[in-house]
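Student: Structure below; questions to follow.
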Amino acid sequence: MKNKKEVYGFRKSKVAKTLCGAVLGTALIAFADKAVFADEVTETTSTSTVEVATTGNPATNLPEAQGEMSQVAKESQAKAGSKESALPVEVSSADLDKAVADAKSAGVKVVQDETKDKGTATTATDNAQKQDEIKSDYAKQAEEIKTTTEAYKKEVAAHQAETDKINAENKAADDKYQKDLKSHQEEVEKINTANATAKAEYEAKLAQYQKDLATVKKANEDSQQDYQNKLSAYQTELARVQKANAEAKEAYEKAVKENTAKNEALKVENEAIKQRNETAKATYEAAMKQYEADLAAIKKANEDNDADYQAKLAAYQTELARVQKANAEAKEAYDKAVKENTAKNTAIQAENEAIKQRNETAKATYDAAVKKYEADLAAVKQANATNEADYQAKLAAYQTELARVQKANADAKATYEKAVEDNKAKNAAIKAENEEIKQRNAVAKTDYEAKLAKYEADLAKYKKEFAAYTAALAEAESKKKQDGYLSEPRSQSLNFKSEPNAIRTIDSSVHQYGQQELDALVKSWGISPTNPDRKKSRAYSYFNAINSNNTYAKLVLEKDKPVDVTYTGLKNSSFNGKKISKVVYTYTLKETGFNDGTKMTMFASSDPTVTAWYNDYFTSTNINVKVKFYDEEGQLMNLTGGLVNFSSLNRGNGSGAIDKDAIESVRNFNGRYIPISGSSIKIHENNSAYADSSNAEKSLGARWNTSEWDTTSSPNNWYGAIVGEITQSEISFNMASSKSGNIWFAFNSNINAIGVPTKPVAPTAPTQPMYETEKPLEPAPVAPSYENEPTPPVKTPDQPEPSKPEEPTYETEKPLEPAPVAPSYENEPTPPVKTPDQPEPSKPEEPNYETEKPLEPAPVAPSYENEPTPPVKIPDQPEPSKPEEPTYDPLPTPPLAPTPKQLPTPPVVPTVHFHYSSLLAQPQINKEIKNEDGVDIDRTLVAKQSIVKFELKTEALTAGRPKTTSFVLVDPLPTGYKFDLDATKAASTGFDTTYDEASHTVTFKATDETLATYNADLTKPVETLHPTVVGRVLNDGATYTNNFTLTVNDAYGIKSNVVRVTTPGKPNDPDNPNNNYIKPTKVNKNKEGLNIDGKEVLAGSTNYYELTWDLDQYKGDKSSKEAIQNGFYYVDDYPEEALDVRPDLVKVADEKGNQVSGVSVQQYDSLEAAPKKVQDLLKKANITVKGAFQLFSADNPEEFYKQYVATGTSLVITDPMTVKSEFGKTGGKYENKAYQIDFGNGYATEVVVNNVPKITPKKDVTVSLDPTSENLDGQTVQLYQTFNYRLIGGLIPQNHSEELEDYSFVDDYDQAGDQYTGNYKTFSSLNLTMKDGSVIKAGTDLTSQTTAETDATNGIVTVRFKEDFLQKISLDSPFQAETYLQMRRIAIGTFENTYVNTVNKVAYASNTVRTTTPIPRTPDKPTPIPTPKPKDPDKPETPKEPKVPSPKVEDPSAPIPVSVGKELTTLPKTGTNDATYMPYLGLAALVGFLGLGLAKRKED
């Protein structure tokens, strides 16, 4: 098999990164690839954003989906277990060879039979056994050949002696025979003469005979002609008669045929009639049979139906009895619970009364102690005040003297301190300056010494390097004609090898394409994967491989329009030691054979040393490239003398599917070429360089195949290269290609030629610094002498105040037991319905049968003519007699030659056969996959980010093997496996380990020491070392399959078994049925368990968040202990601004509802408030919490893993949270999101969103029940006027989450100015939809659905909706109501009023209304309204519907005015049948109608 490099969509990268050709793919590792294990690749770092596909899993960290398996891995695994060739095993045959040689020398016929194939030994034991068999066989063959050879030698000697004796006797007999033979020859000549005369006479007679014979033949021919004439006439008449007879016969036969046809048709028709009759009869009989069967089945079905109905009826009656009994028992239990509850609450009330008495006694004791404390405290304060006055007088005198002394001392001190500060300032400045001088001197000295040391080290290094450089140049000169050396030795002064962090800029006038945009443009050119033209579809695959790499700038070059690509921020490049900071490439398309020749795609790399890709779409392309370098000052640099490498210039290495004769070349180089001795690249006209013929295949004349020279590590990579010497500031050359598809060229200073030294740059010696001199300090000032300060007075201590008594802790009364919940009764079962009987089928009718038709009679036969008599032929004349040839005299009998005596039969040459035996060995290999603990994880699951190790094992090499010259293992790693090169090297001693990033392939080559171990004793088996690949699996829901290839001595290759491991998160995984997306869920539910995601949630409601910890896909997981110790967590990032957590209600259960232990929950106010361990945990999982959060954690990760993770048991966390009451006053949306963290990997739930409605109750003042009437807020209400407080409740929006349990109006009115009349009305503010589907229209009177509580003493009215009514309202319906409280103004002044609307126990305050009542001009005597009799507050009163006459209905838009101070005699109806509001007409009418007594006025 030839080494073939397939061009397939990804260009190999070279460490040299030099200008190179169009081969795109990494060479596939195959058995025949011998020592070529991977194409040359370099790792590059890109800062560009790359779009990646994700798994669909809600992962927070590592969300990328596993990429497609590399082509190398795909083909390797497709051939898993396959073997190519084997290693020969040699067994000595020396004795056999000597026996064969001796036999040949003795004349024995030696036949070498076909070599006996002993097969392939796959183990050392098998090999040893087969070698023993071969050795035994060789010994046996040698012995048999020796025996045969010796026997044959003896037989040959005896035969030779007998042969010599017989030869002498035979010679004497032969001499006598020669004499007799001469006499015989003389007699023969005499007889021959007589016979010649007799022959002449015979020939004359023969001539006469032939003449007579001709005459007779002529007569016979004339007779024959006459006969033929008569025969012709006969045949004519015969033909006429035969024709007439034939026509008569034909007419007869036609009549017979027609008769037969008619009769056959009649027979067919009769047969059809017979068949139809039979079919009709059979159909009838079958129908009758079916009828009878259907009739029986229907009867049977009707019987079964009746039996089934009876059975269901019996079961219904049984179930009905059970349900009725169960409901009766439930009612009995409920009644018992109510009785017990009443008894408990009676006891609690008695105990609460005792507590109240104890609290009152404790309060009385406390009040007495407080009174005594206050008297004692007053006496102490008086004594302390006298003491304080005396102390203050003494203190004043002291402070006056102290002030004088302190001022004098302060003045002196200030003068001195100023002098000191001035002195300090001056000296500080001098010291600072001196310190700076000292520092500058020290820095200068240190800098100088460092530079001097560096200079000396650099100088020594330079001298050493210069000596090596000189020697290298001399060596290059001496070897310039040898393969791989420059034909003109040069040194390299340019360092331009790698700039991964360069900043690439392209002028904004040049359009940079996006991936999809460029893809669409190229497809519009006909380059498409669906194009039936294979050349164009193949060209698209090449283009797409480059276009999918987003680190390149995607450009379209237009003919003769230059495009500049500038790179700045260069860090690693220099020329003759001078730094290069910028490089500018100018690309100009000169020509192309593609389409109209005006455009071509190009891709500019982010690294200027990697440079660019361009396309030719299997046509031709020529691009001019100009290069300019700039120094740190921005000046153009002249790099004359620098060397650049033009390498990997392939020819004949194109796509076999299109045209292999692809050519890559450099043209119009404005520098000077320096050929490499032995290179295939030659200089041509126009200063171009390329190969004259194929340099890809030996069979086409190349010195090596491509795979033997076109790799980074190949010592022959100079074979496809030439070196360019720069001769001017602007470098210019053309990159040209033909039929290459994609071409990558890299412009840099890596040189493929051997022995090109880098010229060292001599260091510059540093200049010794000039040191500064330090300045002297100023002298210090003299300190002053100070006056002593006076002694301060001593204050007598105050008397301590008496201890204040502590207020006692009062006992809290116990709450009453809640009433028992009424039972929910089972519905009685539905009685069964009997299925109607099936009707009987219709009976079939017997058919009418057809009659058959008679046949036609046969026709009469014709009479024929007789045929004529044929003519008689006359016999021929007889021919004359032929003369007889004479009898000649016989020749005499010659003498008998003597019969020589038979020589003795020579001994039969024996034939000996021998054969050799062939034996091959195939060392077997095995791939194992393990976790970090060394546990086999093949065909199992492990967590994402787990360390996974691949062990590449080879069994012992067998005895008798050839010398091992190479032992190479190649492992194309699975996509998404993060390879750890350092750890792999550490785990793979005995091997040189290399990694090809482009193909994601690791190669292990046995070191020389390892090979020496293998070859120490070839006669014995030897155990092999095995390398281990170490890395991590990075993707969710990924399957990692892997095998490797072993190649020994470039001859034997074997591909291992395929191992597989899967990470959780893969739906429809055929290998792991439990595997699916790792998808934690979060659902908000109410207390009934209904999903309330997205619904309106009232303040004070409890959200029962249900968090699913999704673990089922981990079933069978075999993650390592290290992965398990990363822990298992669940994070709830709740909105603390809206919710309060309820840790007392948190529950954790498994899928079956069993409570789970070993999971703790911790709440943190913020990420910053959490421990660093928690912060690191969330950071690693890439989880960002917004504020407060809860963290659920497994206390013991290992136990948690065993019990739940490895068993695939998902958990359900119920995490209740209550909506803060204050949030209802502002309203708004709140969001909640949670995260699951397994093995350190995070997965997010969906965001749960709810909204809290803003409850905004409103209060108006009206004189009627008309909602459109004027609001008197801020206006005047007359004394004794009757009016209404309109209490408009908050709006509960539709689609709310919780049933309404409480909706109340609490009006704490000012009883000093207002008097509640005891009358109120409550109406629906909007349409209400009930659970049963009925609708209550807006404006409907709902007073009967409320209860009212009145506290006249404190001026409080509470109107509350009945709970059973509220719970009938559908959750999908909005709700709002308003209540009118009828009031009477009973005092003069301004009065303010606010009411509270409570919704599910949360209070919301309304606006405040203000009304003013002036002093009336002519006040009437008021008629007091009796205060309603206080009711039991525990038994709120339900207002009764008043019975009123039916007065004329007034227009509600024009309310009837109320007379001030005068009572009305009637109260109009407050509503019509359609629930339209009606105005109240006045207090007196209301009093008269309701029959209310006078109430005691509240006092101010």
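These residue numbers are counts, starting from 1, taken along the chain as shown.
Placement of Cβ uses the backbone N, Cα and C atoms for every residue, glycine included.
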Student: Out of 6-32, 87-113, 1167-1193, which range is noted as region 'BAR region involved in interaction with Mfa1' by Swiss-Prot?
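Tutor: That would be 1167-1193, per the region 'BAR region involved in interaction with Mfa1' entry in Swiss-Prot.
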Student: Which candidate from Y1052, Y1077, Y1164 does Swiss-Prot annotate alongside D1110, D1112, Q1113 at the Ca(2+) 2 binding site?
Tutor: Y1077
Student: Looking at the candidate ranges 122-126, 132-136, 217-221, 1467-1471, report the one that Swiss-Prot labels motif 'LPXTG sorting signal'.
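Tutor: Spelled out, Swiss-Prot records motif 'LPXTG sorting signal' over residues 1467-1471, not the other listed ranges.
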Student: Residue list, the compositional bias 'Basic and acidic residues' (801-816) vs rest of chain: Cβ under 8 Å, 6 or more residues beyond ends.
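Tutor: Distant Cβ neighbours of the compositional bias 'Basic and acidic residues' (801-816) are 345, 348-349, 351-352, 355-356, 358-359, 362-363, 365-366, 369-370, 373, 376-377, 380-381.
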Student: Report, in whole Å, the straight Cα-to-Cα distance of D1133 (Ca(2+) 3 binding site) from Y1309 (Ca(2+) 4 binding site).
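Tutor: It is 44 Å, counting Cα to Cα.
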Student: What are the DSSP helix, strand and coil residue counts for the compositional bias 'Basic and acidic residues' (801-816)?
Tutor: 0 helix, 0 strand, 16 coil
Student: Give the distance between the Cα atoms of K1186 (Ca(2+) 3 binding site) and D1308 (Ca(2+) 4 binding site), rounded to the nearest whole Å.
Tutor: 42
Student: For the compositional bias 'Basic and acidic residues' (840-855), find every same-chain residue at least 6 residues outside the stretch whose CB is under 8 Å from a CB in it, and list them.
Tutor: 263, 266-267, 269-270, 273-274, 276-277, 280-281, 283-284, 287-288, 291, 294-295, 298-299
Student: Taking 10 A as the limit, how many CB atoms besides its own sit near the CB of Q1311 (Ca(2+) 4 binding site)?
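Tutor: There are 21 such Cβ atoms around Q1311 (Ca(2+) 4 binding site).
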Student: Long-range neighbours only, meaning 6 or more apart in sequence with Cβ under 8 Å: which ones does D1133 (Ca(2+) 3 binding site) have?
Tutor: V1185, K1186, G1187, F1189, N1232, K1233, A1234, Y1235
Student: Go ahead and report the DSSP secondary structure tallies for the compositional bias 'Basic and acidic residues' (840-855): helix first, then strand, then coil.
Tutor: 0 helix, 0 strand, 16 coil
Student: Count, for each of the binding-site residues E1136, D1308, the other C-beta atoms lying within 10 angstroms of its own C-beta, and report the residue with the smallest count.
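Tutor: With the binding-site residues E1136, D1308, fewest surrounding Cβ atoms within 10 Å: D1308.
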Student: Could you check which of the binding-site residues (Y1134, E1136, A1188) sits closest to N1354 (Ca(2+) 4 binding site), going Cα to Cα?
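Tutor: Looking at Cα distances from N1354 (Ca(2+) 4 binding site), the smallest one goes to E1136.
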Student: In this predicted model, what is the average pLDDT of the repeat 'Ag I/II A 3' (303-384)?
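Tutor: The average pLDDT of the model in the repeat 'Ag I/II A 3' (303-384) works out to 85.
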Student: Note the Cβ centroid of D1133, Y1134, E1136, K1186, A1188, the recorded Ca(2+) 3 site, then list each other residue of that chain whose Cβ lies within 8 Å of it, in sequence.
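Tutor: Checked against the 8 Å cutoff, the neighbours are D1132, P1135, V1185, G1187, F1189, N1232.
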Student: Using only C-alpha positions, which one of D1308, Q1311, G1355 is spatially nearest A1188 (Ca(2+) 3 binding site)? These are the binding-site residues in the record.
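Tutor: Result: the closest of the binding-site residues to A1188 (Ca(2+) 3 binding site) is D1308.
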